[in-house]
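Copied over from TrEMBL, here are the features:
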DOMAIN    766-979  domain 'Histidine kinase'
DOMAIN    1002-1116  domain 'Response regulatory'
MOD_RES   Asp1050  4-aspartylphosphate
TRANSMEM  6-22  transmembrane segment
TRANSMEM  34-54  transmembrane segment
TRANSMEM  66-85  transmembrane segment
TRANSMEM  114-132  transmembrane segment
TRANSMEM  152-174  transmembrane segment
TRANSMEM  186-215  transmembrane segment
TRANSMEM  235-254  transmembrane segment
TRANSMEM  275-301  transmembrane segment
TRANSMEM  321-350  transmembrane segment
TRANSMEM  371-390  transmembrane segment
TRANSMEM  436-453  transmembrane segment
TRANSMEM  465-484  transmembrane segment
Amino acid sequence: MILWIALTTSVLYAAGLFWLALKGDSGRFPLGPRAQSCIYGLSLGVYCTSWTFYSAVGTAVSNGWHFLPIYLGPILLFTIGYSLVSRILQLGKAQHTTSIADFLSTRYGKSGSVAALITIIATIGILPYVALQLKSVGQTLSALSPNIGGVINSEGVVLGVAVVMAMFAILFGARQVDLTQHNRGLVLTIAVEAIVKMFALLAITLFAVLMLAGTDVTQINNTRSFGEIFKVEQFDARFVVLTFISACAALCLPRQFHMTIVEAQKDHPDRLMRFVFPAYLVVIALVVFPITIGGTAILSAGQTSPDMLMLALPLSTGADWLAILVFIGGFSAATGMVIVTTVALSGMIANDLIIPLFYRRRINHAILSQSLLWIRRLTIIGVLFFAYLYSRTIDSTTTLAGVGIISFAAVSQFAPALIGGLFWKTGNRKGVNAGLLLGFAAWLSLLIIPTYLDTNPVFQIADDMLVSAVIISLFLNIAAYIIVSINTQANIIDKAQSAAFVSMEYRTIGGDRALKKMRVADYRLLLRQFVGDERSRAAMKQLGTQLNGRTYTDLDVADDALIEMVERQLSGVLGASSARAIIGSTMEGDPIPLEQVVAMFDETSQRLQFSGELLQTAIENIDQGVAVVDNDMRLVAWNSRYVEMFDLRDNLIVVGRPIADLIGHNLRRNGLDENQIEAEVSKRLNHMRAGRKHGQEREQADGRILRILGNPTATGGYVTSYTDITADRRSGRALEAKVAERTRQLTEVNSALEKATRSKTRFLAAASHDLVQPLNAARLFTSALHEEIGNKLPKAKKLANDIDRSIEMADRLLRALLDISKLDGGGLQPEITTFPLAPIFDDLRSEFSRAAQKKGLILNVQITDIWVETDRNLLLSVLQNLVSNAVRYTEAGSVSLGVENESGKAHIRIDDTGPGIDPKHHRRIFEEFQQVGAQTKREGAGLGLSISQRIARLLETEITVVSALGEGSRFSLSLKQGQPKIDNREAPKTRQSRTSDLVDKTVLYIDNDQSALDSLSALLEGWGCDIRTALSPEQAFSAFPTPPELVIFDYQLDDGWTGDQLFEKLCKNWGRHPAGILVTAEDTGRTKDAAIRLSVERLLKPVPPAALRALVSQTFRKA
């Protein structure tokens, strides 16, 4: 009964290991840094095999303290000597090491012979040890049920165990081409097995202690006491040798090197990683004492062999459940060792024996290119097959400890090359090969042959055959290593690698490689085929970063740094020696074309590209769900987020599952009618096969919104990513609602602002009208008074002139303030036209020539044919202000107005010989109410330049000033030149003006301000006109039944009327369109438009009397 329970428990335990490994590979167990460190340390517990589990107690019973070295050696190495382990770990990660053979091969010039020799020695030395692990399963079953032969075939059970181990090793240790990639599921499983082993040992220890507590002391004394078992004289040469080779085995055993170096995720272990493994071994060692003492009574009766004492102890008291737990612990110890050992050995055999053999002999490269992973998998099967065959030849009296010690002695031959390679630069490949051959030969002749043939060694220096064999073999190994290395010349690769390992100097090993003139494209192609596009690009980018941002182009000659990087990357897939051989064919002009070498591993490259494990590292920790299919539209990779998004069952989400099944599943979950599913699936498959990119957002039945992006791969597959954007869309909708609300509020504010602007505009118009009206009336009254006085009263005439000048200054100040308000409020917009500068210059000459003559100044105005493209009136206003300032502030000399053509620009300048302006005040003069220097004594409010500069900026230019004290001033601005227009109209003939032009001319003047009517009426009557006035439309209609010769009208009238509307109405009543003048204080676009529409002149208030008379006379002459 107990046998079947044990077998059933073993099957369930094995299934649990498979499940755990699958979950570990899928990333279902997210682990923090401390947990990862614990798992790493526990995974090193693979060191504890069925030997350390069963035979440690047997050794303690037979030889006392001699059980301890197998624990003491690794404990000392990982505590006192951990700097050595850390150094190897750092170098192994830097060199992309895949095994102990690859590590030593890389150190010694990337020598294929070193890698091959180490692989052969490791295989021969460890295969019996693997076989004995399988044998231990049968032995423990026999211990559980002595009559097992009558129930089941124990050899069949062992074969079944070997098959299961092979499956596990293949599934979780040979899934990816790159051996340096972390096997998360394998490491997690080995760590759990370590916990199971410890739990079983602690359970049997507690049982032994309880048994001792309940046993008669005389019975114990009649057997063997603690002192009789553990004697001081046992600390002998054998103890020391066993400690040394155990420490060597903790690093040099392929499985230990694989777990310690290859599977490590860090190159600098933390404190927790460092102490978990030694602490684990301390606990395992301590439990041996109570179990040994508790089992002496059974051994004294000769009931069982020492190796099976741990099972016999619970069975002797009927504790079958504990015996089964101990069996599972031993089963864990055996399976863990076998799985990791076969994974490590398969990589070494494939990379260092089979692949170089195929490559060098050029045997069917096409087969090799398609079978890299299968070579490793078949190697696993081969190793376990031969181990099984060997297990059938092992004698039942062979102890686990005996075979284990022989294997430890074999791998200790690697220690001289390993330690010497880290600290002695002179060591080279020839010395290593010589040392390994001599040491291995001594191991065979002094330990293996005598042990298996039961004969005496041919030579022995000590009574203990193990001590003699280890000392002699290691002495010969070290001597040959040193002597040959010293007496042979190392090549440049040996020296470079020696520096990299001994001095930690990662120098190039290229030497004369650059002379080969190989292109970057060749190495890029080689790298891409072996490690895939993504890793190839990442490696090239990382290299460029290390070289301070350097970039390589395909036509560049490959340098040493590039070749070194390619070798490191290939080493992770092929091992250092095979990678070196591939690089050598490219570099040294191998007759095989590079394309053929690349083709060797084309299938490998594709597998790497689509490997779920490789992709897992990149996609597992992203928020998007990702699914990858191959060119057969079958699922090859995915991440856990994809599974969660679509609630996929385990039987659906497997490698090789047609993607059509998953698409159909998702469509059904979204409620699509069954009749439509097939057509929709076919549509999506056709889209993917065609390799078309797609992107869309789709709402699921549960309300989630997914963004789906699909992209084809280079080899015909397809990658689809799914992003849950539900929160984003909800936030977007909320944001849209908030934006709509803000937009509504902004619209309301803008509407209110527009109303305020319109109100301000109306205010400015009203202010300009209402404020200017009194000034206009005052100037007209003053002019009429001046006409009336004539030369009769000189003092009164001077007083009238002073009044007129004061009114003019007030008018100028008021207009400046209104202009600033318009500019700041945006009420003044330029009307761009193309026109000649000559008429403006003529107007300025006419306007300022009299003022210049009064001051004795020379006014120079350039004759020009340049045209400009800008607003004519605004430009005239700016130039008027600048010329006015020049005339006003210049006491003697001249004022000049000119223009130059500079690169398509009209550069207008105004020069004067005035007092000049200190450069420190150049900015101040353009500020409101600012006058500097001598200007402060002059008339004006300091607004002219500020307004002119604002107008200039409105015209997209700038007024610049060049001036210094005592050197005069130059103000200038640049404008865009315009194309001249041809005017074919005849120039009007001039008439000689007569003083009697205005006598008896009928004039109608319309204004809603009585003072304006009175002042203008007085002025026109003084000129001899027959003038009638009107305050309202009614008075206007009755003033002249027949049309007058001239109508002068204001723009703003009462009762909602405007001057243009009333003028049009009067013309309609008269049936004729008399001449007209629009007199207004509003300098806006609508008054300009009104004057143009009615074909009348426009004059701005306050009206200069001279300008009014000239305009009235001109109007009558035209009529």
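Here the Cβ of each residue, glycine as well, is placed from N, Cα and C on the backbone.
Highlighted: of the candidate stretches 114-132, 235-254, 321-350, 235-254 has the greatest count of Cβ pairs under 8 Å to the transmembrane segment (66-85). Sequence-distant contacts of the transmembrane segment (114-132), counting only residues of its own chain at least 6 positions beyond either end whose CB sits under 8 Å from a CB of the stretch, comprise 49-51, 100-102, 104-105, 108, 253-254, 337-338, 341-342, 345, 348-349, 351-353, 356, 383-384, 386-388, 390-391, 394, 398, 400, 403-404, 406-407, 409-411, 413-414, 417, 429, 432-433, 436-437, 440, 443, 575-577. In this chain, the transmembrane segment (34-54) lies close to the transmembrane segment (186-215): three or more C-beta pairs between them fall below 8 angstroms, excluding pairs fewer than 6 positions apart. Between the transmembrane segment (465-484) and the transmembrane segment (321-350) there are fewer than 3 Cβ pairs closer than 8 Å, counting only pairs 6 or more residues apart in sequence, which means the two stretches are not in contact.
Within 10 Å of the C-beta of the residue listed as '4-aspartylphosphate' we count 24 further C-beta atoms, all protein chains included.
For the transmembrane segment (6-22), the most Cβ-contacting stretch among 186-215, 275-301, 321-350, 371-390 is 321-350 (pairs under 8 Å). Contact check: the transmembrane segment (186-215) against the transmembrane segment (371-390) gives fewer than three Cβ pairs closer than 8 Å, residues 6 or more apart, which falls short of the contact criterion. Sequence-distant contacts of the transmembrane segment (275-301) (same chain, at least 6 residues past either end, Cβ-Cβ under 8 Å): 37-38, 40-42, 44-45, 47-48, 52, 56-57, 60-61, 67-68, 71-72, 74-75, 78-79, 194, 197-198, 201-202, 204-205, 207-209, 211-212, 215, 219-220, 223-224, 226, 229-230, 309-310, 312-313, 316. Per-residue pLDDT, averaged across the domain 'Response regulatory' (1002-1116), gives 87. Per DSSP, the secondary structure of the domain 'Response regulatory' (1002-1116) breaks down as 54 helix, 26 strand, 35 coil.
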